[in-house]
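Trainee: First the structure, then my questions, so here it is.
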């Protein structure tokens, strides 16, 4: 999975897909009551990027629905995963439950269309800190109450704050979640980051019977040397400001027979097992 990073304006969606991304990450900004308002990162953000691009959240969902609905004139078959970077750290943890209800409801109304020809992409809920775990409970509760639990099959969970992996597992156990789990490891592209935690996450993913990590990705990679380093370790995905650079690296002899771009036929919730 090549994840285009900080794709917050509607016009950037096709721009990043044209560069080779098959997944996009966008920031979801909330008001003080936990209502998702905009796709917006704000200042500071990654080096060399404009931090202020934004869209109204529901309008953004309407657009990506079209891009991921077969038969729609805007359909792009390569876009298979949407990662929502939920800016819950900007609001009180007490509002995490309200935020979960709001995001689930807006996805039902504007993306899935409650079963009426909605978008088909997989959804990854990127949660910054384990203390905001009530967001997940609220999201699942809302799908159940609205009679649309079938969409759980399309939704995964990912804690992105580089917290202790065992603490993350404990929170997932508390929630009763042991599938559809990704694990991110990374830092803003402005700073270097070692591989110690990334290696631990990959080790857990590859431990037979370990349920709490099915995919691991590294973010936000801009240098080809760091992309190569991550691929050598065996990541499932790379988040980058430059998807075309990742495409180029994947074509190199060292990687071209080991990796390929994920398509809609690839299940993002299953561990990859080499043949």
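Note: Cβ is positioned from N, Cα and C throughout, glycine not excepted.
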Trainee: Name the residue, out of 62, 72, 85, that Swiss-Prot lists for the same Mg(2+) site as 25, 27, please.
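Mentor: Answer per Swiss-Prot: 85.
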Trainee: Sequence order is fine: just name those recorded positions in 25, 27, 41, 45, 47, 51 with a Cα within 10 angstroms of residue 5 (active site).
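Mentor: So the list reads 25, 27.
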Trainee: Between residue 25 (Mg(2+) binding site) and residue 41 (active site, nucleophile), find the distance joining the two CA atoms and give it rounded to the nearest Å.
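Mentor: Spelling it out, the Cα of residue 25 (Mg(2+) binding site) and the Cα of residue 41 (active site, nucleophile) are 11 Å apart.
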Trainee: Listing them in sequence order, which of the recorded positions 27, 41, 45, 51, 85 have their Cα within 10 Å of that of residue 190 (disulfide bond)?
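Mentor: Near residue 190 (disulfide bond) by Cα: 45.
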